[in-house]
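As given in TrEMBL:
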- 265-567: domain 'UvrD-like helicase ATP-binding' (DOMAIN)
- G286, G287, A288, G289, T290, G291, K292, T293: ATP binding site (BINDING)
Amino acid sequence: MSQVVLRQGWTKNLDASIAMKAIAFTEKIMRDDTSPGLHIEPIINSADRRVRTGRVDQFWRAVMVKVPSDATILYYLYGIFPHDEAIERAKKLTLSVNAVNGDIVYREQEIAPREFSPVAEPVTAAEVQEAFPLLSTWSHTAQDLVEQLGFARDVAELAMGLYTEDEIIHLAGVISGLESQMLIELATGTPISEIRKIFDLDEASEFLQQLKEEVPETELDLSADEVIVKATKREAAKANFIIVDGEDELREVIEAGDFGAWRVFLHPSQRRYAYGDYNGAFRLSGGAGTGKTVVLLHRTRELQRKNPAARIVLTTFSKTLAESLKDNMELLDPTATFAKELGNQGILVSGIDALAGRVLRQASKELLDEVSVALLGRQVDRTLQIPKTTLWESAMEVMENITDDRVRNAAFLQQEYENVVLPRAITTRDEYRKVRRPGRGIALDRSRRDAVWQAIEKYRLLAGEAPSFAERSALAAAYLRRATSEGSTTIADHVIIDEGQDFSAAHWMLVRELVETGPNDVFVAEDGNQRIYAQRIILGHFGFEIRGRSRRLTLNYRTTQQNLRYAVKVLEGSEFLDLDGEEATTDKFVSARFGPEPQVIEASHLGDAVAKTAEQIAQWRQQDEDEIRTIGVLIARKSQADAIERELNGKGIPARFIEDSTRTDPGTVQIMTMHRAKGMEFSRVVIFDQETLLNESAQAQRSRGEAEVDEELLRNRALVYVASTRARDELVVINR
């Protein structure tokens, strides 16, 4: 029996129309590589005698390297190309192990100079004289790249002659393997010593030394079959290669099309976070598409492998995101054990609000009633519906003596309640008069505090026994704290959190009580630039000491450099903070992929904007009929969905509005709110009516406080940033 070894990026020249043929071809190899229909043939006078080509169809041929391994044959699939190109590449192709970094390397003679041309705008001779090649500004040399990182000489010299970050990243897209990934690090200023740590090149040196010791009498042949096979089975090799074990896995990989989105892909720079041990809570930040969620999934799997009896909570902001986490966890590890109830061994995947509900359902009624009175000043019924937010509109009617609309404001009152009153378990006016209110933006004298407290009391009276979402989380936290103080054990061993930037104060109170403080207790992934729901939070205020245990990811795997730049530009002029209270900068944000510049299309009115949306999608459909299922139309508000859906379906383009609570429909153009698109990915995206969303804050200035308006502007900009980074390849923005 034969196996197929796939490398990162092998599908980049593979047209979607031949994906099924590629699946059929590789399935036949795994079943019987001697089948006559495969036409697996050696290449006369090839640089590597093991290179083979195989017939995919009359036009396309696969280029492979055939490597014997014990009782099987490994076919290292280099790519699928038109017939003549496949033969030309096969003649020049070699496969070996890099002598410095241990990577498995495909090489074609002078492939980088032949296929690469800089993307920068032409410069004058005077500008060239004034400029310096980018890598030389950090005192790197071609020799450094060759000797310390294992670059091929021609690639190193080419990289050293480039002047801009874009040129170097573009070169990284032409080559493959560790060279490509290390080039991106070099382009963003990462020191060579740090790059060696990121890619664990010291371990590679030890591996290579062990190989040399196995053949002490002769020089190590880095192209030998057994050396290549051993290198393939290294843990580090899994970032770029995988030995496919079956036809189902093969089909998933080929149909996915993008290795970076592959369920088992973990970049070397991320591996340390997924598998590391920490003395307490750890925070992993990073921009959209940098792989934070992938790290969480791998970490969850690793924690369960280390201790199958562990009680692991994997949680995120919403039910939709939680469902996605569970789906991806099952894809990553079909053997993973899931818990049905909170406190059971296994992985419990849940949205954070649903998690609070689980705690309350399992709670002792007698103790819950006591805790409820202490926290809220009233008993609540955990079975009742959540009251509508319009209760705050009614509650503020008691503030008739307050003329300042910044204070006599439903949004302000709700935020004051959730960020000041609930976290401190305030139940009386006197307690509220004395409490500190850092970060609230509006100073309150005694009379104003009394008026605000009147409104809070009115709200609690109107709500009756029905707790709000924030009250449920705060109540669940208080219940667990009380139960633990009376001898109960905590109900989780590890809590893993995705989208932590959107957790409220009450959510963090709950997380802190779920698990005992200690090694590997809490692992948080967050991006302050994507905060579209919660107020600003600092983890240290809620019992999470993470100083020295915070790291940031900067390499984007999802979208192109052009789309990423557009998204980052939306954030300019605003200050976003992370959960440490530090600025969530976009410095060093970079993508390894290039594509067309985003288009901004102006429409004269709503109907024109809808028509232009349909025209754009019709153009995409004409280019590729199959791409219809990977197109997303992201809207600011639900009221816009109906007109777009009617227009598209009326033109014969299947489209469907995806509600917050419904699953996506892969056979249609997906229309959804920008909020619903969180965590999604599309090949092509239309952002509908972006400018109206960004202008809403200015329009609200007259009736709301400056702090609230600034917060809304931040959230709206973050929302557009989120929407823009859903696009993998093409982004179109339609404004009116």
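Counting starts with 1 at the first residue shown.
Cβ coordinates come from backbone N, Cα and C, glycine included.
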T290 (ATP binding site) CB neighbourhood, other CB atoms within 10 A: 27
Which residues, in sequence order, are found in the same chain with Cβ within 8 Å of the centroid defined by the Cβ atoms of G286, G287, A288, G289, T290, G291, K292, T293 at the ATP site, excluding those residues themselves? D527, L553, N556, Y557, R558
Looking only at the domain 'UvrD-like helicase ATP-binding' (265-567), what is the model's average confidence as pLDDT? 91
Give the three-state DSSP assignment (helix, strand or coil) for G287 (ATP binding site). coil
Using a 10 Å radius on the Cβ of A288 (ATP binding site), the other Cβ atoms enclosed count 24
Fewest other CB within 10 angstroms, which one of the binding-site residues G286, G287, G289, G291? G286
Same-chain residues at least 6 apart in sequence with Cβ under 8 Å of the Cβ of T293 (ATP binding site), in sequence order, are L325, N328, D498, A525, G679
When you measure from the Cβ of K292 (ATP binding site), how many other Cβ atoms are you left with inside 10 Å? 24
